[in-house]
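K.L.:
Take this structure, written in structure tokens, and hold onto it; I'll ask about it next.
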Amino acid sequence: MPANRRAARVAVIGCLIPVLTSLCIPSWAHAATQNEPVHTHSLIPDQVVLNQRPGSVPYIDGVDNAKWPSIVSQSAVVMDMDTGTVVYGKNPLALHYPASITKIMTALLALKLGHLTDVLTASQNAVNQPPDKLYLEVGEQEELGPLLTAMMLDSANDVAVEIAEHYGGSVARFAQMMNAEAKALGADHTHFVNPNGLPNPDHTTTAYDMAVITRAAMQEPEFRKIVDTKYDNWQGEAWHARLVNLNRMLFTYPGAIGVKTGFTSVAHETLVVAARRGTTTFLAVLMDCPTDTQIRADATALLNYAFAHYETQTVLPADKVVGSVMGKAGADPVVTALPVLGTVPLEAPMQVASKPVYEAPQTPMAASGRIGELRLLSSSGQQIGEVPLVLEKPYQPVPQPVVWPRNAGIAAGILVVLSILLYWRRKVVRLRRARAALIAKAQPWRVGWELAKRERR
């Protein structure tokens, strides 16, 4: 047999073997995938919020500013920090200069991008910033943790620039990152130019946007810890000091837990303050007020009214059993995937009915683990919200018994036939080689004759 024909047959057999072998590989069946979070966000809690009026500012249903105290500050917002619902707003979307409350966003980005043990180096640009400052030396190296604390307590402008240059490469690039983060959070009317809030005609925001940004920052445990710190010691190369938090509401308002003050000659006084009483936390943002005394008086009046008239109510907690579906082992409990919260007037607690609606078939959707939804109804029967439902015990992938294909017997038979053919083929080749060797030894003249015969072919 010519060598090329023999090689072709071997190649064909070699290709058939893996194909036939694959027919005999067992198949495995898996149950539905386990539950996955229905919704995730790195900063804002996953939850369902009721009693919130849709719009550019999510006011509580039935809000009436006329009942609230009169204030001097040109813009203000009071927000339930747990739900994001706004219970009071005065010019909430009017543009103002934020001054040093800008540093709330600077700190938020630093915590997202870095670690408290990161070592930052002060540049000439950072050192040249005007007071308030830590009087850093050029080339001075400090860890992010103490720098953040100093920036939020003492409003250090040099630290804000140092952070911007370290994590953004430049102040301009970091400002772009600040704007992108603001947009992602829903602060659509904000435009930052620098990390410290020093005057710039293009550096503007709104009271509502600053509430959104601060609410996000307060989800970060380290941020919340820093802004709730009253005193800290700074030991720099050129300056040593006992830092006192400039937010005087932290010392004077019951339940205050932060966050930041601001002032420039064009912004006037600005203030963001959060306070917690019981299970309710309110966040007040005030902008463009003539004096520090007045802005604190405004904030005190607004927070007092908010706590006296509203509270955060947990309508349904997460993992609340609301029903069951039949599974292979019996009834499988169904639970709420997210908590349901609402900001409600103290004199009118929220009354909510619910109705579970399940997917068909009743198995978790692979992408989310969702098995249905719990529709939330008002006392009049109107749907006011819905919360995803999942199984209390998520499905786990369970391998089923090995299932051999129906054509496994055919494939096995073909492999046996191929093996026999290969065996006899090798045996014939060996016999021919042995016969040729004997002929060459006994009759040498036939070797030349055979070669000539092959050449004529």
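Just so it is clear, glycine is given a Cβ too, placed from its N, Cα and C backbone atoms.
So TrEMBL has the following annotated:
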- S100: active site, acyl-ester intermediate (ACT_SITE)
- S155: active site (ACT_SITE)
- 66-290: domain 'Peptidase S11 D-alanyl-D-alanine carboxypeptidase A N-terminal' (DOMAIN)
- 1-31: signal peptide (SIGNAL)
- 403-424: transmembrane segment (TRANSMEM)
K.L.:
Return only the integer: C-alpha distance in Å from the residue listed as 'active site' to S100 (active site, acyl-ester intermediate).
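P.N.:
Spelling it out, the Cα of the residue listed as 'active site' and the Cα of S100 (active site, acyl-ester intermediate) are 7 Å apart.
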K.L.:
Other than its own, how many Cβ atoms are within 10 Å of the Cβ belonging to S155 (active site)?
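P.N.:
There are 26 of them.
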K.L.:
So for the residue listed as 'active site, acyl-ester intermediate', how many other CB atoms are inside 10 Å of its CB?
P.N.:
25
K.L.:
Please give the average pLDDT for the domain 'Peptidase S11 D-alanyl-D-alanine carboxypeptidase A N-terminal' (66-290) in this predicted model.
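P.N.:
A mean pLDDT of 98 is what the model gives the domain 'Peptidase S11 D-alanyl-D-alanine carboxypeptidase A N-terminal' (66-290).
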